[in-house]
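Colleague: Handing you this structure, nothing more for now.
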Amino acid sequence: MAVTRQRVEIPELAHRHVDHQKILSQRSLKSTSPDGMRGLEWFYLVKGASSTPPEEVFMDDTSKCPFSGGKRVPANRDWWPTQLSIEMLHKNSGLSDPMGEEFDYAKEFKTLDLNAVIKDLTALMTDSQEWWPADFGHYGGLMIRMAWHSAGTYRITDGRGGAGAGQQRFAPLNSWPDNANLDKARRLLWPIKQKYGRKISWADLMVLAGNVALESMGFKTFGFAGGRADVWEPEELYWGPEGTWLGDERYSGERQLAEPLGAVQMGLIYVNPEGPNGKPDPIAAAKDIRETFFRMAMNDEETVALIAGGHTFGKTHGAGDPSLVGPEPEAGALEDQGLGWKSKHASGLAGDSITSGLEVTWTTTPTKWSNNFFENLFKYEWELTKSPGGANQWTAKGAEAIIPDAFDKSKKHRPTMLTTDLSLRLDPAYEKISRRFLENPDQFADAFARAWFKLTHRDMGPIQRYLGPLVPKETLIWQDPIPAVNHELVSDQDIAALKTKILASGLSVPELVSTAWASASTFRGSDKRGGANGARIRLSPQKDWEVNQPAQLSKVLGKLEAIQKEFNASAGAKKVSLADLIVLGGTAAVEKAAKDAGVDVKVAFTPGRMDASQEQTDAASFAPLEPRADGFRNYVGKRQQFLQQEEALVDRAQLLKLTGPELTVLVGGLRVLGANANGSKHGVLTAKVGALSNDFFVNLLDMSTQWAPAADGTYEARDRKTNAVKWTGTRADLIFGAHSQLRAYAEVYATSDSKEQFVKDFAKAWTKVMNLDRFDLAA
């Protein structure tokens, strides 16, 4: 039988040459990318793919593979682009970390002479290099932009992005159009990184460089915390559905930005500085600004302060035709050594440099802190003009040439602004804040200092992770504060007695397990938020989340609070927090369930959690942590879903820092323990609910049953002989039989000799989730 083969093209963003002239034109055009793309599939954008294998996949000659005659060998995802990927669960493992298992970054950072680093960074700011000369003789503006763009990828929806891991070093971020020429900033920092080595990470150094840049230009920052450990490979992260730089297929309806995205176009940090899709409309741009900054956890005042504060320094670069700019770092030649955007416009350096295509300097003192941004913004009327590179920008009408040139002291320029700068004057809410900052420079300075600190530290998690002598003493609400332990902790004997009381309280195994899981599984390894510490499950908004079963939750918490009150009243200096009791209840239930399945296991428990108050909890800030879907509890909420159930399950597992085997064993265990949300029976493939058996895997892989779709989108397992319905399940259940790798894990736990291993592996993974936010244990 002849097989018809189809030639396909598989463009990869990491190897794509950037046409800067096209980028400028695409600011006002929509890009084209394949249909049907799903959230976790953005790395492989297949055009013209069919069910038949691709005949050829072409690569640039510079990347020839000796084993394939110069052609790239297709990966599984090229053949089956809709296949669920679980690669994200195994990213940045010890196998890719050159520092070794014993390396403790926090310990190394504590030995760092931070003042010496700051001194070296301060000297760097004015040490202009011929290979990349400093604007106005000062690298401050460049370093601020580098730090801002390192942190600015953060998004509240899933907590991903941000400065916390030094991801700007890797593709795709190192080659985003919005990060053009930040490769130069990192190269300027290399001698300092080389000098201090493992004592300071790239992630910390990039943020610190931004802080020192501000301080060196006369601005008083709010503080700095170290503690961002580097990773060694890029995240597999969904940045958008587009297949071209600056594409904007992420909108629907009346410009509704798709979640979880935080930027308006592929390859931008926030918004298009020329306005939406390059249209120079400051009012429309204000809408984009408000939405994107909100998605990075910033309110209107913080937004105005950040834009104006950042644009008090430095300049943009658009000296000439963007088509003369060469490829980004990931598309460069070997001899370029990771430096990109080499320009053929005149010298390509200094006054001839091209980055964004815009040519704007905002203030008369671009290397000194001032209120001149607001002074110029309100002093002049503005007319639309073009940069030398053809980009839309604004020039002050009838103004004198008062703005210094970055490299020629004999030259002056008229004041210029970006479309997005004018939004701060023309949007009514932004205008009110901007005018207040104009009239009250001290308020502006304080707001910018706080907003900058928040921008660069938002993804670091609780203050226990902050390191160094410059950590501010003030506790901020967005840090999700939890009281320090102020009492003697319970002993092993107390723990055993409390377990007995909990199990005798009338609460069932499913109730205790589901409550503990609901409390702990809010944790996000991305921005280190959530988790069981603080017992915020008893507070708004978590107590009212549908997935947490408010009625059952209230019952469980009521009984646990009674046990807590009784113990604390009679134990002298010892106290137990509700946060600890919630976890201990789940731990006791797991041990009982294992025993009921014929396996004795001791589940590790470490006290020391504390209870946060409602006043210490910003309800609006916690709202994004509410799951749209939670495959561990077989829950799909009413809000719009942007992932399939199995994709959402893997996504949540990655946020919980789980591996593929841990994901598998936890789902199988939680199903038989009856931890599904709202009493759902889907995936509860056992007749012994509450016993920690391997029944889920045994019955899922049982060939005497046949699965088929049901009318409501779930699935039914029917007996092959009688056609009777034996079980029901969801996509989050069936994926463990359908996905070859997950099935391989499931088979391990379905064997007749795996019962003890299953229980022990479940207990270990359970403890891991319960302790994800226990940063105090590693201190």
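A Cβ is built for glycine as well, from the same backbone N, Cα and C atoms used for every other residue.
As the structure is a computational prediction, the values presented were derived from the model and not from experiment.
What Swiss-Prot shows for this protein is this:
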- H149: active site, proton acceptor (ACT_SITE)
- H311: heme b binding site (BINDING)
- R145: site 'Transition state stabilizer' (SITE)
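Help me picture these features in the structure, burial and contacts included.
Modeller: The Cβ of H149 (active site, proton acceptor) has 22 neighbouring Cβ atoms from other residues within 10 Å, across all protein chains displayed. Following the DSSP three-state reduction, the secondary structure of H149 (active site, proton acceptor) is helix.
Its own atom aside, the Cβ of H311 (heme b binding site) has 24 Cβ atoms within 10 angstroms in the protein chains shown.
Every protein chain considered, the tally of other Cβ atoms within 10 Å of the Cβ of R145 (site 'Transition state stabilizer') stands at 24.
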Colleague: Check H311 (heme b binding site) against DSSP and tell me helix, strand or coil, would you?
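Modeller: It is coil.
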